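As recorded in TrEMBL:
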ACT_SITE  Y234  active site, proton donor
BINDING   47-52, 73-74, 110-111, 138-139, K243, 272-274  NAD(+) binding site
BINDING   Y224  substrate binding site
DOMAIN    2-79  domain 'Trans-2-enoyl-CoA reductase-like NAD(P)H binding'
DOMAIN    81-316  domain 'Trans-2-enoyl-CoA reductase catalytic'
DOMAIN    322-385  domain 'Enoyl reductase FAD binding'
SITE      E74  site 'Plays an important role in discriminating NADH against NADPH'
Amino acid sequence: MIIEPRTRGFICLTSHPKGCEQNVIDQIEYIKSKGAIDGAKKVLVIGASTGFGLASRITSAFGSGASTIGVFFEKPPSEGRPASPGWYNSAAFEKEAHKAGLYAKSINGDAFSNEIKKQTLDLIKADLGQIDMVIYSLASPVRTHPDTGAKYKSVLKPIGAKFQNKTVDFHTGVISEVSIEPAQGDDIENTVAVMGGEDWKMWIDDLKSEGLLSEGFTTIAYSYIGPSLTEAVYRKGTIGRAKDDLEATAFTISDSLKPLNGKAYVSVNKALVTQASSAIPVIPLYISLLYKVMKEEGIHEGCIEQIQRLFQDRLYADKIPTDDKGRIRIDDWEMRADVQARVAELWKEATTETLPKIGDLKGYEKDFFNLFGFMVEGVDYDEDVNEIVEIPGLQ
Ligand code: NAI
Ligand code: NA
């Protein structure tokens, strides 16, 4: 079939297998061009199919020659209906990994559930024995608790007071005023239950109690801080509480890993266009201004550049540099004082009329469509493609 983008709000309903494949190949080429990283050799990536998780899987496999197991939640294709992009990404990743002689298998299902945890543990036992690294990169709006069956929904709300600021519809470029009511009732608890650290700890506890973690094991999860511009709705909002919880969980996990000389880390990453971040109000406007400034300064990075630098210069450096809260910072270029001062100035000037000039709306849009395999260089979109693609190592 000929596949074209079909958008509804901040999501795209279709995705292109060839475009997704090309994205993965480009990321692999980037990692190869940067040379070998002396990193983990047996790696489990939870949330492995898109964004930072996919970049982490690619960096592990093609930077360190690691065997990887990827867990994700993606929609398979059916006749006339393309899969979700993470499906095609994973198919392309495994095809390339197998070509390179690397072990790569995947599990598609709800990572929060006991069933998927058990299936993953069984696969590790059967194929790898033990693992030396877990990358935890889930971004989900919902979670069903595996023990109680309670269903939690995360919300993106400020805490204490209404939030009012500019936002952009990145499809039309129209800037408008958005107003978000503060969290109520169980909003905070629910968001922490979905995006906080409980599930990360459950994974590590389960793996540890089955003896599947090697001596010197490490695990890493991803967080975000961002500027004061987005603070009320992000870091000091409901999602920020979940990130506080995730960051605190790193210490709890580290304690439990002491007998193995293991450690848990949180890395604070840069704001980037992913399916998760496009859904957050205000963030797309911030990102389009940030991209403009960072590209002008020659310090713009995408997920793959971020993770490559995280592994090379932080995680596998002789001594892992952390901030006063024990976090790895790879958002250092985003948070540079000159970059933030410039973004804050542009923010004040941003209107529907000025944005095309002062912001990188084009870059935002391209990155957004790229997530779904569209607007990718070297792909012929007039070509008939088969939407039915298999993931070679899918269990
Ligand atoms: P993403 O939406 O690209 O990736 C989410 C991944 O989680 C996908 O592989 C998806 O299949 C998987 N997933 C979602 N629900 C699942 C479930 N129930 N079971 C199994 N897999 C499931 O998101 P992104 O942006 O890469 O986010 C990953 C982490 O990075 C999150 O913790 C996010 O907060 C963090 N982060 C994101 C930033 C951004 O600007 N995008 C900045 C800094 C941190
Ligand atoms: Na991810």
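Positions of Cβ are set from backbone N, Cα and C atoms, glycine also.
Automated prediction, rather than curation, is the source of TrEMBL annotations.
On the backbone, the CA of Y224 (substrate binding site) and the CA of F73 (NAD(+) binding site) stand 22 Å apart. Confidence for the domain 'Trans-2-enoyl-CoA reductase-like NAD(P)H binding' (2-79), expressed as mean pLDDT, is 97.
When the binding-site residues G47, S49, G51, V273 are checked against ligand 2, G47, G51 have a Cβ within less than 6 Å of one of its atoms.
Taking a C-beta cut-off of under 8 Å and a sequence gap of six or more, D110 (NAD(+) binding site) has these contacts in its own chain: F73, I116, T144. S49 (NAD(+) binding site) sits 24 Å from Y234 (active site, proton donor), taking the Cα positions as reference.
There are 25 other CB atoms within 10 A of the CB of Y234 (active site, proton donor), with all protein chains counted.
Less than 6 Å separates the Cβ from ligand 1 in the case of G47, F73, Y224, drawn from the recorded positions G47, F73, Y224, Y234, K243, V273 in sequence order. Here the CA atom of Y234 (active site, proton donor) lies 19 Å from the CA atom of G51 (NAD(+) binding site). The residue listed as 'substrate binding site': 22 other CB atoms within 10 A of its CB, across all protein chains.
There are 17 other Cβ atoms within 10 Å of the Cβ belonging to F73 (NAD(+) binding site). Counting only same-chain residues six or more apart in sequence, the Cβ atoms lying under 8 angstroms from the Cβ of L138 (NAD(+) binding site) belong to I46, G47, G53, A111, D199. In this structure, the C-alpha atom of E74 (site 'Plays an important role in discriminating NADH against NADPH') lies 24 angstrom from that of K243 (NAD(+) binding site).
A gap of 10 Å separates the Cα atoms of the residue listed as 'active site, proton donor' and K243 (NAD(+) binding site).
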